[in-house]
Amino acid sequence: MEGLSLLQLPRDKFRKSSFFVWVIILFQKAFSMPLGVVTNSTLEVTEIDQLVCKDHLASTDQLKSVGLNLEGSGVSTDIPSATKRWGFRSGVPPQVVSYEAGEWAENCYNLEIKKPDGSECLPPPPDGVRGFPRCRYVHKAQGTGPCPGDYAFHKDGAFFLYDRLASTVIYRGVNFAEGVIAFLILAKPKETFLQSPPIREAANYTENTSSYYATSYLEYEIENFGAQHSTTLFKINNNTFVLLDRPHTPQFLFQLNDTIQLHQQLSNTTGKLIWTLDANINADIGEWAFWENKKNLSEQLRGEELSFETLSLNETEDDDATSSRTTKGRISDRATRKYSDLVPKDSPGMVSLHVPEGETTLPSQNSTEGRRVDVNTQETITETTATIIGTNGNNMQISTIGTGLSSSQILSSSPTMAPSPETQTSTTYTPKLPVMTTEEPTTPPRNSPGSTTEAPTLTTPENITTAVKTVWAQESTSNGLITSTVTGILGSLGLRKRSRRQVNTRATGKCNPNLHYWTAQEQHNAAGIAWIPYFGPGAEGIYTEGLMHNQNALVCGLRQLANETTQALQLFLRATTELRTYTILNRKAIDFLLRRWGGTCRILGPDCCIEPHDWTKNITDKINQIIHDFIDNPLPNQDNDDNWWTGWRQWIPAGIGITGIIIAIIALLCVCKLLC
């Protein structure tokens, strides 16, 4: 008893020691420091690459649903190309699937389409459906179309991604992105006494939809939406549009808008002014590398090298001609040349308008920069065309040649003008801008390569619109209703891939790994250890580096798996379709034979000569390729390129826990020694 009594502490001292130990334990429990990718449970950084095709599913808690955008596979994102991937169907109810995390989208869409009778084509969004929360550009399209169906589906079987909800149909007036849903198998969580519970995100909810990134809006007007031949117009203002007939980038539309605004090539009447693009103009400029990094523009849309030429004027039979007038023009790209021969030598401060019936010289007027030259004569000039042939900010030269317009319809802006009594053979109007010199313009475009990702000043939802005629001559048809990426996958394999995408060749050459998830989990994880002096900032950097590195490899691996699986499914679909056709023919043949009508082939003719193809070997080869890529040759392990820092830092989580336990034991012994 005496030996046992030596090991016992007084009651008051025991209480103090126990309280001190419990404080340490609770402190460790409350301030857990996750280092690595944290999802449903804390994962070590090195475990991420081994989750694909390496782990088995023990419970549904190990599944994490992720929305992957189709633009990551290289599909065309402009409105004309995107609308060709959507179609209407009836008799198929919509389906909605929730997902936990997604990628930031560079291009989102917002549709409001009406039928010819004025009724709505698209259904309103159900309760709980919110717009996609991370959009760099939102393409807002309005217009009319036949809408031959109840709902707008994706022809390739992809989903329309909303905020944490993916639907098979398009809802009216809600931002959405195209994508597919993938499921990740997470490692089974390890329950320990000192581990804090994982932070749960609110289901289908995003608190901050802006995420400190500017969202720019482009507006369009579409005619005959959903039909084989449609017209899409990019809207500059309510009466000025640009007809788009080729793939383009949002940056091109922004620069085109600024150029038209700067040159004052806007409709000065209540009628429409529709500009078309010359074939020599490159509309695929200024490609972005997703959100974080803006690539230098490989080519600038130089306004001083563009020519604006009015082509024709169409009027309806209505009494109010001004409200029904449609003026068409062409924006062309001209080679750099000298225009000294077009500048009047005796009047260097004038803009020359050459008119076949006469010429009158007017004195120059003082005006502000950026205003138009307005011709207000009442007589009709046969064959007149206004063409801006040069400008560098303050200098502009305009000449007119014949197309059958009245002088009041020319896009110029001089409120008053009087003809000179000296001659009746020529007319020269005074502009509010001096004549362009023969020197090369030095004013850079407004969107310089070094500009930031903020939206341009003219890109608000009110003054940016997008309207376009988009009928592609070489448009590819869909390959079937397959619930996967399909066309995007074909593009990622090289058939339709856009070469200007930045690709991390270290991870893979078949997809774009420059992606980032917009989960609320990351902010909590990164901030969980920032309070520690000296150690906090470094640990946050470790977390971010590990997250970005492993996420890229994981997403690329998923895309490769989807690519090869989809091709096999396409072949299987084709084989099934042909087998069904062959079965129907046999049924018809039996029917005809029973009626003794002379045999199947005699009655069916060429339709009898259908032979179903055997695609078994092709499907088997694709499956073997998947096994070879993801089982025999798994994704690269991060240990292959570990250096001294990435090697010893893996001991940090364990070291922190061991150090805390040692400190607690030492403190307990010290307290016991002092109290004893």
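Placement of Cβ uses the backbone N, Cα and C atoms for every residue, glycine included.
Database features, via Swiss-Prot:
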| type | residues | note |
| --- | --- | --- |
| SIGNAL | 1-32 | signal peptide |
| CARBOHYD | N40 | N-linked glycosylation site |
| REGION | 54-201 | region 'Receptor-binding' |
| SITE | L57 | site 'Involved in receptor recognition and/or post-binding events' |
| SITE | L63 | site 'Involved in receptor recognition and/or post-binding events' |
| SITE | F88 | site 'Involved in receptor recognition and/or post-binding events' |
| SITE | I170 | site 'Involved in receptor recognition and/or post-binding events' |
| CARBOHYD | N204 | N-linked glycosylation site |
| CARBOHYD | N208 | N-linked glycosylation site |
| CARBOHYD | N238 | N-linked glycosylation site |
| CARBOHYD | N257 | N-linked glycosylation site |
| CARBOHYD | N268 | N-linked glycosylation site |
| CARBOHYD | N296 | N-linked glycosylation site |
| REGION | 312-351 | region 'Disordered' |
| CARBOHYD | N314 | N-linked glycosylation site |
| CARBOHYD | N366 | N-linked glycosylation site |
| REGION | 406-458 | region 'Disordered' |
| CARBOHYD | N463 | N-linked glycosylation site |
| COILED | 554-595 | coiled coil |
| CARBOHYD | N563 | N-linked glycosylation site |
| COILED | 615-634 | coiled coil |
| CARBOHYD | N618 | N-linked glycosylation site |
| LIPID | C670 | S-palmitoyl cysteine |
| LIPID | C672 | S-palmitoyl cysteine |
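In the three-state DSSP assignment, the secondary structure recorded for F88 (site 'Involved in receptor recognition and/or post-binding events') is strand. It is 32 Å from the Cα atom of N618 (N-linked glycosylation site) to that of F88 (site 'Involved in receptor recognition and/or post-binding events').
Calculated from their C-alpha atoms, the gap between C670 (S-palmitoyl cysteine) and I170 (site 'Involved in receptor recognition and/or post-binding events') amounts to 68 Å. Taking the Cα of N257 (N-linked glycosylation site) as the reference point, the closest of the recorded positions F88, I170, N238, N268, C672 is N238. When Cα-Cα distances from F88 (site 'Involved in receptor recognition and/or post-binding events') are compared across the recorded positions I170, N238, N268, C672, the shortest belongs to I170.
On the backbone, the CA of N238 (N-linked glycosylation site) and the CA of C672 (S-palmitoyl cysteine) stand 83 Å apart. On its own chain, I170 (site 'Involved in receptor recognition and/or post-binding events') has W86, L111, L122, Y151, A152, F160, F176 as residues at least 6 apart in sequence with a Cβ closer than 8 Å to its own Cβ. Each residue contributes its Cα atom, and for N268 (N-linked glycosylation site) and C672 (S-palmitoyl cysteine) these two points are 91 Å apart. Here the glycosylation sites are N238, N257, N268, N618, and the one ringed by the most other CB atoms within 10 angstroms is N257.
When pLDDT is averaged over the region 'Receptor-binding' (54-201), the result is 82. Look at the Cβ of each of the recorded sites C670, C672 and count the other Cβ atoms within 10 Å; the largest number goes with C672. The Cβ of F88 (site 'Involved in receptor recognition and/or post-binding events') has 20 neighbouring Cβ atoms from other residues within 10 Å, across all protein chains displayed.
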